[in-house]
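TrEMBL annotations:
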type: DOMAIN; residues: 47-293; note: domain 'G-protein coupled receptors family 1 profile'
type: TRANSMEM; residues: 30-53; note: transmembrane segment
type: TRANSMEM; residues: 65-88; note: transmembrane segment
type: TRANSMEM; residues: 108-125; note: transmembrane segment
type: TRANSMEM; residues: 145-167; note: transmembrane segment
type: TRANSMEM; residues: 187-207; note: transmembrane segment
type: TRANSMEM; residues: 240-261; note: transmembrane segment
type: TRANSMEM; residues: 277-295; note: transmembrane segment
Amino acid sequence: MNECYYDKRMDFFYNKTNTDTVDEWTGPKLIVVLCFGTFFCLFIFISNSLVIAAVVKNKRFHFPFYYLLANLAAADFFAGIAYVFLMFNTGPVSKTLTVNRWFLRQGLLDTSLTASLVNLLVIAVERHMSIMRMKIHSNLTKKRVTFLIISIWAIAIFMGAVPTLGWNCLCDITACSSLAPIYSRSYLVFWSVLNLVVFFIMVVVYIRIYMYVQRKTNVLSSHTSGSISRRRTPVKLMKTVMTLLGAFVVCWTPGLVVLLLDGLNCTYCGIQNVKRWFLLLALLNSVMNPIIYSYKDDEMWGTMKRMICCSSEDKSQDRRSSRIPSTVLCRSTDTSGHYIEDGIIQGIICGKGDLGDKGNS
């Protein structure tokens, strides 16, 4: 029977896996990492708080999609908290941590990243279902959205707690990871592959959305010349989708690949030299999400600006009440809506308003 080491401090496991945390976390490298981390966390706290407040404050955002968007902002806010905890419990301090405190440190990171990823997947599926059914708003009720949000956090907390619940190497030192000294290498393989699969599903979902919108746009173009804005719609969608997917690929894939290589026990891959830079890159995704999913929406940006300026411009908001705001994907300036297909397309792209209202505008 293997001996278990529940009462050991982390220096025991770092020495077993030959992970030097002291030499690597000194000098200019430590200063650069901490400065970037601090700046990112401050931006995450401020920007995501504004997104959540904007959804609560503006009644135009009281739709399922925006509730999920606010939950994404909450997940990113939690990621900032997790990284702050990491900064105060890393480097030379890592070796002084107890097993439970180290599990808490990594569990917070895993929970926050899982919550963001699953929330992004739910948003993608919700948009896909709405578009394929030719509806602007999904059929999700507030109860269903609440259930989805609770489920997202339940999955995230469970995934963050899996190593603590037993999938670790405390009783089998030979199976310990190099990057995460008390995580089993088999768990890292599972974790990285699972996230890469979810990423692939998101790519497929957004490709289907783009192809559907492009096909509908081509059908519309064969019946009418359309406006310049309408003809540019597929280009706008393509650029936005590429931004979303590109940001996710750049921020997540390197770290997942490094975890996979560590799980496969690649001793010649030099993963120790890049691990914290890829962690910063993953954190950057939480910085970019408010920009990509919120700031491209003029109505969202206007609401946040009014909150920042501490002024309530009700008259200005009333004057803009007839304008159809853009959402995550783009802004459309064409409100003629003479065709059903055009209403569907603009609903797909803009995700706001009512199809019947578009047809009657």
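From the backbone N, Cα and C atoms, a Cβ is placed for every residue, glycine too.
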*Cβ-Cβ under 8 Å with the transmembrane segment (277-295): same-chain residues at least 6 beyond its ends*: 33, 36-37, 40-41, 43-44, 47-48, 50-51, 54, 69, 72-73, 75-76, 79-80, 83, 112-113, 116, 243-244, 247-248, 250-252, 254-255, 258, 301, 304, 328
*Could you pull out which residues elsewhere in the chain have a CB under 8 Å from any CB of the transmembrane segment (30-53), counting only those six or more residues past its ends?*
69-70, 73-74, 76-77, 79-80, 83-84, 87, 91, 276-277, 280, 283-284, 286-287, 289-291, 294, 300, 304, 307-308
*Annotated stretches the transmembrane segment (187-207) and the transmembrane segment (65-88) touching (3 or more Cβ pairs under 8 Å)*: no
